[in-house]
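Novice: Sharing the feature lines straight out of TrEMBL:
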type: BINDING; residues: C97, C102, C138, C142; note: [2Fe-2S] cluster binding site
Amino acid sequence: MMATTPHTTELIGSDRFELHPDDEAAILREKEHYEQPQAACIEALKIVQRRHGWVPDGAIMAIGRLLGLGFAAVDGVATFYSLIFRQPVGRHVILVCDSSSCFLTGYETLKQALVEKLGVDYGATTADGRFTLLPVCCLGACDGAPALMIDGETFGPVTPEDLSDLLEGYE
């Protein structure tokens with residue numbers, strides 16, 4: 001599992017957001033690798049998300065200032081990539097693959113079992129803030145379909161019967 005800082009769920013106003021000094025330094029180091037500063041944008045977003053669990057508007061503005069890009073340019077990158085979260089998420093993010101392979105091998109049954117077990121549908125976070133459930137178009141795990149990913153770790157094939165044991169390890 002990827003080590004992250006506990007997630008921030010508070011909405012951070014654009015006027016109050018400041019990049020952590022370590023994050024700013026990491027983004028500037030990343031920027032040095034490219035001729036065009038926008039090439040460092042996705043990594044900058046990932047750096048911020050590792051610390052906060054998501055990327056608030058204020059972070060978009062701060063990244064833009066650091067890379068010399070406008071809000072729309074950075075936000076366009078952030079909203080294009082499904083693994084950059086623009087809203088607060090739970091402590092653990094479950095991505096359920098809905099690709100053709102997963103669909104043909106039990107995606108719908110797995111999705112329904114997750115919805116029932118967690119008590120939330122796609123795009124929602126459990127009341128205790130433990131899990132956010134999201135679809136993803138492909139995890140590249142067709143040999144293990146149906147597959148899901150929790151906090152960057154891929155599991156598959158997963159059956160509804162596997163869910164209790166699987167989710168138990170995530171507090």
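Here the Cβ of each residue, glycine as well, is placed from N, Cα and C on the backbone.
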Novice: When DSSP states are folded down to helix, strand and coil, where does C102 ([2Fe-2S] cluster binding site) land?
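Specialist: Helix, per DSSP.
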Novice: Between the binding-site residues C102, C142, whose Cβ has more other Cβ atoms within 10 Å than any of the rest?
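Specialist: Neighbour-count leader: C102.
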Novice: Using the Cβ centroid of C97, C102, C138, C142 as the reference point for the [2Fe-2S] cluster site, which residues of the same chain not in that list have Cβ within 8 Å?
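Specialist: The surrounding set, listed in chain order, is D98, S99, S100, S101, C137, L139, G140, A141, A145, P146, A147.
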Novice: Among the binding-site residues C97, C138, which residue has its Cβ surrounded by the fewest other Cβ atoms within 10 Å?
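Specialist: Counting other Cβ atoms within 10 Å of each of the binding-site residues C97, C138 gives the minimum at C138.
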